[in-house]
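Let me begin by presenting the structure, written as structure tokens, before commenting on it.
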Amino acid sequence: MENSGNGDIPEDANEHCPGTQSEAAGKSDACQGCPNQQICATAPKGPDPDLLPIAERMATVKHKILVLSGKGGVGKSTFSAQLSFALAAMDYQVGLLDIDICGPSIPKMLGLEGQDIHQSNLGWSPCYVESNLGVMSIGFMLPNPDEAVIWRGPRKNGLIKQFLKDVYWGELDYLVVDAPPGTSDEHISIVQCLLETGIDGAIIVTTPQQVSLIDVRKEVSFCKKVGINVLGVVENMSGLCQPLRDIKFLKPSGTSEQSDVTEWALQYMKERAPELLNLMAYSEVFDSSGGGAMKMCQEMGVPFLGKVPLDPQLCKAAEEGKSCFEDQKCTASAPALKSIIEKLIPKRAAENGV
């Protein structure tokens, strides 16, 4: 959007648009035939009255980071959860806000399924994983986890505003906002609300193949258009990587049935080439022949933060609502995530060994 003295002017507006905040919006001769005419004519004019209480609530939050993805299913919520776990392990006060209204997966990834939101005179209380890691999601409000959330844009926007102005986070070092994929209502709403209070920027998550990067390019363009700093792009699921000893070996039989020969193969290697069992096995899952996220970042002038391999142990940690940094099981993904977090928060990450 461009900004004029009369308010915001949509990109697809007619020539001589009076601006969405003008009293003539949707009513002047210039508005005839414009696709935005009905919305402009009926939308409330003037500054959003919710912005002041949101700004007051967000004044106690030092850093605000959006986690975005142009494509669904790229592991954005997994990254948001593990980033929050890592920041909390550095002794920061952390809040994780899930604004994916229709597909809230954060409660499960933080091990908080079945929790309820409580209200006090200070506002809604987040659900806590640790004393310094609070979480808020519509997932805590659903009476049945299988219930579909079928809401139009205005109702989604209303809930996002409530999350921002009514949740009592207390003093936070970091608020991580996990957004749904795309550049829809939820994104516009959260950006409009947070830009007024100061926002560090956005981390964009993608997978290596072109079908994902096409949509991620739109996400980068969205950030530039609305004035959000792109902190960097993470290439997730960048090849399947796991210890060779964790791989299952199958023997083809010429039919759809295959024989499991894992036990024999591992025993064979143990007896004849035990050093192989200490190797990591890596396989390209998605086509990255187009250069992947790194090439896209070079072309679009945004930072590339690094690659995170597709690690079955990280998938398991997400399913169990655990941090991948707690034990030594996530041997492929934890070091990669640590490297990315060190680029975002260099000094404290190194000090705390995350």
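Positions of Cβ are set from backbone N, Cα and C atoms, glycine also.
Nobody curates TrEMBL annotations by hand; they come from automatic prediction.
The [4Fe-4S] cluster binding site annotation in TrEMBL covers Cys17, Cys31, Cys34, Cys40. Taken from TrEMBL, the feature ATP binding site applies to Gly70, Lys71, Gly72, Gly73, Val74, Gly75, Lys76, Ser77. According to TrEMBL, the region 'Disordered' annotation covers 1-28.
Where TrEMBL records a feature, it is marked here on the structure.
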| residue | record | contacts (Cβ under 8 Å, 6+ apart) |
| --- | --- | --- |
| Cys31 | [4Fe-4S] cluster binding site | Asn14, Cys17, Pro18, Ala24, Ala25, Gln37, Cys40, Ala41 |
| Lys71 | ATP binding site | Pro181, Thr206, Thr207, Val211, Ser212, Asp215, Val216 |
| Gly72 | ATP binding site | Pro180, Pro181, Gly182 |
| Gly73 | ATP binding site | none |
| Val74 | ATP binding site | Pro181, Val205, Thr206, Thr207, Ser212, Asn236, Met237 |
| Gly75 | ATP binding site | Val205, Thr207, Asn236, Met237, Val308 |
| Ser77 | ATP binding site | Asp98, Asp100, Ser105, Ile106, Met109, Asp178 |
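Distance between Cα atoms for Gly70 (ATP binding site) and Cys34 ([4Fe-4S] cluster binding site): 28 Å, as a whole number. Note: the ATP site is recorded as Gly70, Lys71, Gly72, Gly73, Val74, Gly75, Lys76, Ser77; in the same chain, Ser69, Pro181, Val205, Thr206, Thr207, Ser212, Asn236 also have Cβ atoms within 8 Å of that site's Cβ centroid. Sequence-distant contacts (6 or more apart, same chain, Cβ under 8 Å) of Lys76 (ATP binding site) comprise Val67, Leu68, Ser69, Asp178, Ala179, Pro181, Val205, Asn236. The binding-site residues in question are Cys17, Cys34, Cys40, Gly70, and the one with the fewest Cβ neighbours inside 10 Å is Cys34.
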